[in-house]
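**Student:** Here's a structure for you.
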Amino acid sequence: MGCMKSKETFPFPTTLDIDKLHESEEAFIPDDSSQYRTPSPGEQQQVQEVKKLPEPGAVIGALILEFADRLASEIVEDALQQWACENIQYYNIPYIESEGSDTTIN
């Protein structure tokens, strides 16, 4: 008998369904869509104007670099400030060197 849910159809497409989907899509694609059309002179001028604009990636890259540099400087300042505070707090505690691992504690 089994569970009722197991008898329901699988809600996700199977590989067979995907193949059928691709076949139906190919029927709607016209053949002349792959032909190349030469742009008119007005369109060529618009393309050249677009090429003259600065690349957004370069502007964004410069902003990210500036932000990263500023953030790194803040991190270094905070670390030095924290080290200075800790150093002042514990400066009078003497440093004890260990004599090595060959000594045993009795």
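Glycine is treated like the rest: Cβ placed from N, Cα and C.
Just so it is clear, the model here is predicted, and its values are computed rather than measured.
Sequence annotations record features per position, and here Swiss-Prot assigns N-myristoyl glycine to Gly2 based on sequence analysis. What Swiss-Prot lists as S-palmitoyl cysteine is Cys3. Among the features that Swiss-Prot reports, phosphoserine is placed at Ser40, Ser98. Marked as region 'PKA-RI-binding' by Swiss-Prot on the basis of similarity to another entry: 62-85.
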**Student:** In the region 'PKA-RI-binding' (62-85), how many residues does DSSP assign to helix, to strand and to coil?
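**Tutor:** Per-class counts: 24 helix, 0 strand, 0 coil.
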**Student:** Compute the average pLDDT of the predicted model within the region 'PKA-RI-binding' (62-85).
**Tutor:** 95
